[in-house]
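Annotated features in TrEMBL:
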- 73-107: repeat 'PPR' (REPEAT)
- 277-307: repeat 'PPR' (REPEAT)
- 489-585: domain 'DYW' (DOMAIN)
Amino acid sequence: MLIWHRPTEFAFASMISACGGDANCGRQVHALVLKTSFDSCVYVGNALIMMYCKSCGGADEAWNVYEAMGFRNLVSWNSMIAGFQVCGCGNRGLELFSQMHVGGIRFDRATLVSIFSCLCGMRDGLECCFQLQCLTIKTGFISEIEVATALVKAYSSLGGVVSDCYRIFLELDGRQDVVSWTGIIAAFAEWDPKNALLLFRQFLQECLAPDRHMFSIVLKACAGLATERHALTVQSHVLKVGFEDDTVLANALIHACARCGSIALSKQAFDKMGSRDIVSWNSMLKAYAMHGQGKEALQLFSQMDAQPDGATFVGLLSACSHAGMVEEGTKIFETMSNNHGIVPQLDHYACMVDILGRAGQISEAKELIDKMPMEPDSVVWSALLGSCRKHGETKLAKLAAVKLKELDPNNSLGYVLMSNIFCTDGRFNEARLIRREMEGKTVRKEPGLSWIEVGNQVHEFASGGQQHPEKEAICARLEELVRRLKDLGYVPQISLALHDIEDEHKEEQLYYHSEKLALVFALMNVGSMCSSGNTIKIMKNIRICVDCHNFMKLTSELVNLEIVVRDSNRFHHFKAKVCSCNDYW
């Protein structure tokens, strides 16, 4: 074309868009634009802005084009705001929108969709979200389905109240499409997976057709539930609509089954895949890691036919950590850079600190932290603190706790672990001071909760068990179980009690931990259990304690059942007085 004709601004704009992610091609076309003086055309400038943002994350190059434009239309403003969002510069997008609004420039729904997307992930974005919602109501854009959907997504990502998201969704009043339904289900999937599935059922009842993205969100919700039956039900819908060969959905199923306690179903889904991407391999590696199957993870890694990435090695190192494979984990960490070109990042260092610390090599873990090429984050320090707690290393524990409180002052972990360390040493006055410090800073410890599914119904237990309708029967059965376990050698770990009280009261505190109550309720209803085979599955929101760990091991032998406990960290498979973690919990 250049040989015979002089391009118009529309030809240039189309060509720039066609360059897509090829920054070099885009820069060559930009050079020709400058030579032919078409840089003054607003269509060309708008295309250049999006090209630079999409091709190489060049927010600064896009901004240079934007500032050089002699005339800008609404698309110019929208393109630059959307470009900042694409480049991860949400703050700059928000500042530009503020200039636009103060300058009296009218915005449209595309502007609001981009600006809500800019808010996602911002630390202090919730207040801005409230203000922008008021603006959308005032201008009437709240009735636009795209704007309402973007608002729901922003609220959800910023930790807003999920009921507020649902209220916005309902205000669309029958005009919801598959995108808005997916948005509200995604909002519930993180915090209320049970209601996410109820919404999905309602979506199907309204005869709407789910797409791949919705199925992946619903499978994510299934990962937060107590058993794998929900994930398998969703998978049957996936097969029914013909998405059985979809790699993304297969990856989501691997993750969901693993999170629900069935590593066998994860492996089955993985083996059935016609084609696998790096996410498939990583998902299966993380599934093995979650269940403490380190040898299986290493064997799978040796079979990989995809180029490993950073996430691959996080999965491998986690697997070694949970299986107590110090030598193997150290070798992987040392060779990942030389053999695979993966430079260790914070996640890898945190895993390595965990590997060394769990094995009792506390000083080696601290030396590794000192040698890190970047500042350690709260995950690194919490890994060290947890290891200090396990092995009674008070001096380093204090350092780790101080660092953790500096980096994450609202996290109760540092306070609670230090309090436990002092209690273990019998230093109850110091433990009490830690608790008072928590109260003074209004830091709250997350209450221990456990869930178990019996008769297609999920039952929740809190420590003490006072809220369950069958609490008296559960407590009576628990006392009987404790007596039988003591005959087998069970000794309550009363050193873990958090207050300086009589020993008999310390034992009583330990008996009524939420996972013990859930276990007893499951034993009372073995015939109604939804878990497959002779397996009891318990989900827990915080890490299992030493006493409950020992309790589960002995009970598994006494009742001849496999007991699976998922805590905040990993899965524990208790069978015949042995745990899958080999006590590297």
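The backbone N, Cα and C atoms fix where each Cβ goes, glycine too.
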Ask   = For the repeat 'PPR' (277-307), what are the same-chain contacts with Cβ under 8 Å, counting residues 6+ beyond its ends?
value = 247-248, 250-251, 254-255, 257-259, 263, 266-267, 270, 314-316, 318-325, 328, 570-573, 580-582, 584
Inquiry  = On average, what pLDDT score does this prediction assign to the repeat 'PPR' (277-307)?
reply    = 95
Ask   = Do you know the DSSP helix, strand and coil residue counts for the repeat 'PPR' (73-107)?
value = 26 helix, 0 strand, 9 coil
